[in-house]
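Data block below; observations after.
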Amino acid sequence: MGINGVDNQAQPAGGVSRTEAPAADPQVEQRDAPREPDKNTGDQAVGSECKMTQEDSSVQLIEAGCKPPLSPGAESEMRVQVQDKHGFVAPEGGFGWLVVFAATWCNGSIFGIQNSFGILHTMLVNEHADPDDKTSQFKVAWVGALAMGMIFFCSPVVSMFTDCFGCRKTAVGGAALAFIGLLSTSFANSLGVRYFTYGILFGGGSSFAFQPSLVILGHYFRQRLGLANGVVTAGASLFSMGLPVLLKVLQPLGLSRTFQILSLFMLVQALLALTFKPLLPRGSRWIMTLTGVKKYFNLRVFHIITYRVWAFGVATAVLGYFVPYVHLINFVREQFKGTEKEWVLLVCIGASSGVGRLAFGKIGDLIPGLQKIYMQVVSFMALGLMSIMIPQCWVFEGLVVVCVFLGLCDGCFLTMMAPIAFELVGPMQASQAIGYLLGLMALPMTAGPPIAGLLHDYFGNYLVAFSLAGVPPIVGGVVLFFVPLIHRRLQRNQAAASPEETSTTAHMLPSAPAAEGSKSCSNGDMLPGYTDVETHI
């Protein structure tokens, strides 16, 4: 699982939301610009009055809100930089490809371990088996569920840390914490301790390492950002395919040694994260901190009704989302006793998920506006049906086919998350919308596997557990189906609104020439995230 290119497309690395101002009159620029740069001052202000050193580049001046005096030779180059969202020209490669490799390792190692937890789950069950305890599956499932939940639950806080301390410090610290969590898990002897070491430390550290790996790509790529994200996505899928094979080889070594070897992945990531050198300039750290607090602790995106419905639908769907990743291997060992090919299923999920992310990403680009959400509708409903089909498979080959479809649905759901957020709330608030959504997903995603384990312990098999796990994705898909319908209804209501009502919201919209007839637009067309059909709500 991974969410690529969200924060780096939605906000500057400093976390301060900006809209691009239209080109000003040259005479006004000359009047507003300082006559001579101040050579003795190095601090950068964020107000309309700024002090600049001789060495200050035009990038820093634009970030500070000031317009530098332009020389005739540099005017054309400056216009290109002003047109850029962050006011600078990305290198589009070079050292950036090393950053791409580091981001790939981060995504692959974190979600490769998480997606392969089914093998670790069976090893934990064997180590903590208690004949007198009828809830062992329920208790063991919490180890992996807590780790996955922490990755999403910490997302808003991680965004603030990234804004305040930068990508490199946040990612290195997170990877180091995840390394400590996995290493200490190898020495733990009780489930209670492993809840903390694996679930909290490894899961929380993974969140702090993962999100900066997405943000940093926007520092090195603009025109080729899609390619960079594609490389990260495809490379991370290779980890999801290879780690089940590695865990199968490591299984005879025992659980402690396995966790110690897995911790090396995060140690390597801590070293690779040193390459996350930011290129975008940042303003005052205090101002950045205040901006981050205001940005991630306001509920403005929830004023948009379509976003509220979408977030509720996704949060409902993921209640059964992580269940197959945790319980599939144990189900195979119960259903197909004596088989040694259970790891093949996780490889199939990882491979088809990678293919799905690349394929559905291209398909999504061809679908306009909120019509993209129907791809998530289909993926959730198919995912629910596949979960229901798992206990109905009496031959191993049928289970392989089901896992291939599970991976494709996983890839489609994750790939469409960021584009749909942009359509719903606009680019200025997409990062905030994703952060809240991940936070809402944390609780149901964490609760799903333990509930499935409790059902297994009660009924003695996985029939009810997997069947019920397929219901929430189907319900979530039904809820998402109504989001475009609600949006179209709001558009019709706006078109029929009286001129007096329309004029009360005109000040909230960007100024634009009046157009004849009703205006049709998707949610994300209006900045800072409200549309002309929803500003009056």
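The backbone N, Cα and C atoms fix where each Cβ goes, and this holds for glycine too.
In TrEMBL, annotation is done automatically, which means it is predicted and not curated.
What TrEMBL records for 1-11 is compositional bias 'Polar residues'.
Taken from TrEMBL, the feature region 'Disordered' applies to 1-55 (among others).
Under the heading compositional bias 'Basic and acidic residues', TrEMBL lists 28-41.
The transmembrane segment annotation in TrEMBL covers 95-120 (among others).
Positions annotated as transmembrane segment by TrEMBL: 140-158 (among others).
Annotated transmembrane segment per TrEMBL: 170-189 (among others), in sequence order. Cβ atoms under 8 Å from those of the transmembrane segment (170-189) belong to residues 106, 110, 158, 161-162, 197-198, 200-213, 216, 255-260, 262-263, 266-267, 269-270, 273-274, 276 of the same chain, restricted to positions at least 6 beyond its ends.
What TrEMBL records for 195-218 (among others) is transmembrane segment.
TrEMBL lists 225-247 (among others) with the feature transmembrane segment. Counting residues 6+ beyond its ends, the transmembrane segment (225-247) has Cβ neighbours under 8 Å at 2, 4-5, 8-9, 96, 100-101, 103-105, 107-109, 111-113, 115-116, 119-120, 213, 217-218, 258, 343, 346-347, 349-351, 353-355, 357-358, 361 in the same chain.
Residues or ranges marked as transmembrane segment by TrEMBL: 259-280 (among others).
TrEMBL lists 301-323 (among others) with the feature transmembrane segment. Tertiary neighbourhood of the transmembrane segment (301-323): same-chain residues 144-145, 148, 370, 373, 376, 380, 383-384, 387, 417, 420, 424-425, 429, 432-433, 436-437, 440-441, 443-445, 447-449, 452, 465-466, 468-473, 475-480, 482-483, 486-487, 490, 523, 529-530, 534, 537, selected by CB-CB distance under 8 Å and a gap of 6+ residues from either end.
The feature transmembrane segment is assigned by TrEMBL to 343-361 (among others). Counting only same-chain residues 6+ beyond the ends of the transmembrane segment (343-361), those with a CB under 8 A from a CB of the stretch are 112, 115-116, 118-119, 230, 233-234, 236-241, 244-245, 247-248, 324-325, 328-329, 332, 375, 399-400, 403-412, 414-416.
For the transmembrane segment (373-392), the residues of the chain that approach it from at least six positions outside its boundaries are 310, 314, 317, 320-321, 323-324, 328, 331, 335, 360, 363-364, 367, 399, 402, 405-406, 408-410, 412-413, 416-417, 420, 423, 461-463, 466-467, 469-474, 476-478, 480-481, 483-484, judged by C-beta separation under 8 angstroms. The transmembrane segment annotation in TrEMBL covers 373-392 (among others).
Taken from TrEMBL, the feature transmembrane segment covers 398-422 (among others).
Taken from TrEMBL, the feature transmembrane segment applies to 434-456 (among others).
When Cβ-Cβ distances below 8 Å are used as the criterion, the transmembrane segment (462-483) is approached by residues 306, 309-310, 312-321, 323-324, 327, 330-331, 334-335, 370, 373-374, 376-381, 383-388, 390-391, 424, 444, 448, 452-453, 455-456 of the same chain, each at least six residues removed from its ends. For 462-483 (among others), the entry in TrEMBL reads transmembrane segment.
Positions annotated as region 'Disordered' by TrEMBL: 496-526 (among others).
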**Request:** Establish whether the number of Cβ pairs under 8 Å between the transmembrane segment (95-120) and the transmembrane segment (259-280) reaches at least three, counting only pairs separated by 6 or more residues.
**Result:** yes
**Message:** Given a Cβ distance threshold of under 8 angstroms, which distant residues of the chain, six or more beyond its ends, lie next to the transmembrane segment (195-218)?
**Reply:** 2-9, 13, 86, 90, 96, 99-100, 102-103, 106-107, 110, 114, 142-155, 158-159, 161-162, 167-168, 170-171, 173-182, 184-185, 188, 225, 228-229, 232, 259, 266, 269-270, 273, 276, 278, 280
